[in-house]
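Undergrad: One structure is given below, represented as structure tokens, and several questions about it will come after.
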């Protein structure tokens, strides 16, 4: 334990996940979207959140770009900073899950070790890793933010997929190939899986 942690005491909460379940009518989950830039992570996360919200779920999106505007604005894109970025997001997601929320997290999260470390923060039934699969050529042709163009021009060093690696998930709960599936089909598959996962360990919604 670090020296500055010797005088820090963990304060247990009086409310439990079961209390939030009784009030919210659904169990908390983390739905973690990982994939290359341009694969469709944020698009699917936002569409899935809307679908879950319509079902009465309490939801929140943690988006890679948004988090770097605030909490992680001090981090760059070195390997160490990327790992710290994902570590922080995992801890934030855990707070939301402790509060009974369905969290949709959309991050490139290129390293398997970092994704595994986040997964270890949760109970097995609480974490769903979705690999948003799309080949590099297609992602680069989409390039909604112009990032690949800048990376190819040498303006964005250490860009994932160009000069920094992306480690494909070894055992994701779900693979969504956005080269083949549109948004509607993809979201339908995600919601089916989330509902099935919830049914295995508790209802997703009070009447579901």
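Here the Cβ of each residue, glycine as well, is placed from N, Cα and C on the backbone.
Straight out of Swiss-Prot:
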- 109: active site, phosphoserine intermediate (ACT_SITE)
- 35, 36, 37, 38, 39, 40, 41, 42: ATP binding site (BINDING)
Undergrad: Which has the fewest other Cβ atoms within 10 Å: 35, 38, 40, the binding-site residues listed?
TA: 38
Undergrad: Using other CB atoms within 10 angstroms as the count, which residue among the recorded positions 37, 39, 42, 109 scores least?
TA: 42
Undergrad: With the ATP site defined by 35, 36, 37, 38, 39, 40, 41, 42, which remaining residues of that chain have Cβ atoms positioned within 8 Å of the Cβ centroid?
TA: 33, 108, 132, 134, 139, 178
Undergrad: Across all the protein chains here, work out how many other Cβ atoms are within 10 Å of the Cβ of residue 36 (ATP binding site).
TA: 24
Undergrad: What Cα-Cα separation, expressed in whole Å, is found between residue 109 (active site, phosphoserine intermediate) and residue 35 (ATP binding site)?
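TA: If we compare the Cα positions of residue 109 (active site, phosphoserine intermediate) and residue 35 (ATP binding site), the gap is 7 Å.
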Undergrad: If you skip the near sequence neighbours and keep only those at least six away, which residues in the chain come within under 8 angstroms of residue 41 (ATP binding site), Cβ to Cβ?
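TA: Set apart from residue 41 (ATP binding site) by at least 6 residues yet with Cβ under 8 Å, we have 33, 34, 35, 64, 106, 107, 108, 132.
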Undergrad: Once the DSSP letters are reduced so that anything not helix or strand counts as coil, what is residue 36 (ATP binding site)?
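TA: Note: residue 36 (ATP binding site) is coil by DSSP, not helix or strand.
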